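> Take this structure first; my questions come after.
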Amino acid sequence: MGTPGSGRKRTPVKDRFSAEDEALSNIAREAEARLAAKRAARAEARDIRMRELERQQRESSSKDITGTHWSRASTPKRRDMMYDSIKDRSSRVSSLLDEKSDKQYAENYTRPSSRNSASATTPLSGNSSRRGSGDTSSLIDPDTSLSELRESLSEVEEKYKKAMVSNAQLDNEKNNLIYQVDTLKDVIEEQEEQMAEFYRENEEKSKELERQKHMCSVLQHKMDELKEGLRQRDELIEKHGLVIIPESTPNGDVNHEPVVGAITAVSQEAAQVLESAGEGPLDVRLRKLAEEKDELLSQIRKLKLQLEEERQKCSRNDGMSGDLAGLQNGSDLQFIEMQRDANRQISEYKFKLSKAEQDIATLEQSISRLEGQVLRYKTAAENAEKIEDELKAEKRKLQRELRTAQDKIEEMEMTNSHLAKRLEKMKANRTALLAQQ
């Protein structure tokens, strides 16, 4: 065999690839170390941001404690849920960034090895210097990608900080708006309750007005009937020539209230007789007339006795007149005079007696009529009192039922408003949970 020709001595392929692999492994280890350091820095920054957000949230909650006292029990839950959501978002963002950076690192650091493995399968040539320059350019690319990743990561972190701050501000504004909405809902509920109360009072007043109108129409109808009755009474009085005598205060009682319609219709003769009896109540005048009647009857009886005595005397005198004709010429004239006087008195007494009997008959008729009217008035008054007692009892019963019904309605309205408020709070909590999820 001949000696090999002169030229550059080639390095063994195994040694060259082992050096490249070692360099690549060193670079990969350094990149992994830098990536782990970045991950630790990101975790520390995330913890710092979370503490800052918690501090801002505590400050905002301490400022808005007067406005959000009504949701004191649900605020920690919402805060925890918000922090959990923020942590989940930050963890998702960091995981996405880590995956992206890992993929970029893996792509950047696996490409040279793939190239080297491909070049290892090809036959060796004299352009190893060019391959070496290509390998160095592929080794420089990860640094540029790392700087770009750092810049993009810093931008993303700034945006994330701004988003967290704006999210906290928006959450505070949302809580304030929720409190204002709840306050306005309470005001609206109070106004609705007031409007319902006003409507109820209006309905009651309208019903009372309708009742008053009905009573007014009934009273107007009764008044028309009474006017018609008065007109017919006046016509009958004028037709029969009667006279209306109003009754005075009974039994001389000055404080007694005058009775409405306490009048009596009598004939003109009876009216004249009652006027002759003097003034005063009708029963007093009737009592006076009865006393006068008794006196007249007693006088008539006395006169009848005197008349019988005179007749007996006359009969005795007639028997003795034959014997004493001459003696009694002077006394006959006196007897005739006395007889004429007696006859005149008897005729006068008879006339008075007949007149008194007529007056007594008319007064008895008026008394019987008045007694009938009194009985009718008494029965009507008793019936009216019974009806009034029944109506009062029914009114008290209806008032009790109305009070019980109003109490039940108020209780039901209170329970309804309470349930409506609870329903609104549950709806608000549900919407808040859905918005946070």
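Cβ from N, Cα, C; glycine included.
Straight from Swiss-Prot, here's the annotation block:
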MOD_RES   SER18  phosphoserine
COILED    22-49  coiled coil
COMPBIAS  33-62  compositional bias 'Basic and acidic residues'
REGION    33-152  region 'Disordered'
COMPBIAS  63-74  compositional bias 'Polar residues'
COMPBIAS  77-105  compositional bias 'Basic and acidic residues'
COMPBIAS  110-139  compositional bias 'Polar residues'
MOD_RES   SER114  phosphoserine
MOD_RES   SER117  phosphoserine
MOD_RES   SER125  phosphoserine
MOD_RES   SER129  phosphoserine
MOD_RES   SER133  phosphoserine
MOD_RES   THR136  phosphothreonine
MOD_RES   SER137  phosphoserine
MOD_RES   SER138  phosphoserine
COILED    143-239  coiled coil
COILED    282-430  coiled coil
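Please situate the listed features within the shown structure.
In the three-state DSSP assignment, the secondary structure recorded for SER18 (phosphoserine) is helix.
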> Would you mind listing, in sequence order, the residues at least six apart from SER18 (phosphoserine) in the same chain with a Cβ closer than 8 Å to its Cβ?
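Expected: none.
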> Mean pLDDT across the coiled coil (282-430), rounded to an integer, is what?
80
